[in-house]
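Enquirer: Got these off Swiss-Prot a minute ago, pasting:
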{"type": "BINDING", "residues": "Cys200, Cys205, Cys208, Cys216", "note": "[2Fe-2S] cluster binding site"}
{"type": "DOMAIN", "residues": "1-89", "note": "domain 'FAD-binding FR-type'"}
Amino acid sequence: MNRITVDQVRDEAKNVRTLFFRWDHDVKPGQFVMVWLPGLGEIPMSLSYVGSPKGITVKAYGKVSQAMIDMEPGHEFYIRGPYGNGFQIESGRKLIIGGGSGIASLLPIADSDTDALISAKTKEELIFTDRFPESRLFIATDDGSEGFHGFPHEFLDRLDISVYRKIYVCGPEPMLYRVMQKLASMNARAEFSLERTMKCGIGICDSCSVGGLQVCRQGPVFDIEQLRNNPEFGISRTTYSGKRVYLNMK
């Protein structure tokens, strides 16, 4: 367990903040750490910046993430890891597809040969659009307040997917599922970063399992071929209490 001091914060959008800090550990793009706040709990988080300084971009969901949103320089938290496999990055032109705060996990693989499709519910919830030149940026919003009016999988019909050597995707699981189906129909090469309920991060509790695959050990990044016939991906998941719930695919 490593004690981390926040050096700098940057607000990305309402209820979204990046915490920058120093940590002398190598982290591969796509790997995650377990973030612990004493008295509140522990959650998995991917890094949005893996160089120096490192950074974690947080969206307020629960009590731990809300407490992190409220942090200022000098505040402390604890992390262990890194865990997981990370992205298999290849040279050549690539497309990253980020839904909501999921785009944060994809930032470390973006380079000058990267196009980005960034989506959110509304214009106000879009983040990191300033990281990409206009010629390489595509935007989609659920309500049409910015860019394409619709969802990422619908926008893909407008792109020539064949120009991309590989596509990398991160976001809410219903969005990942639809994008996976679309890319599979296009015979595209793609990797997906999954987020599931996670207690241990090291393969003991099995709460993060998706169709027999442990997200913490065999993921969180999976190749499209591992997911296209997975019986649970995009269908159901286990909550922190162990209850199985079905995802809203509307």
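Cβ atoms are placed via backbone N, Cα and C, with glycine included.
How buried are these features, and what lies next to them?
Expert: Mapped onto three states, the DSSP output places Cys205 ([2Fe-2S] cluster binding site) in coil. Every protein chain shown contributes to the tally, and the Cβ of Cys205 ([2Fe-2S] cluster binding site) ends up with 16 other Cβ atoms within 10 Å.
In the predicted model, the domain 'FAD-binding FR-type' (1-89) shows an average pLDDT of 96.
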Enquirer: Per DSSP, what is the residue tally for the domain 'FAD-binding FR-type' (1-89) in helix, strand and coil?
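Expert: Output for the domain 'FAD-binding FR-type' (1-89) reads 7 helix, 45 strand, 37 coil.
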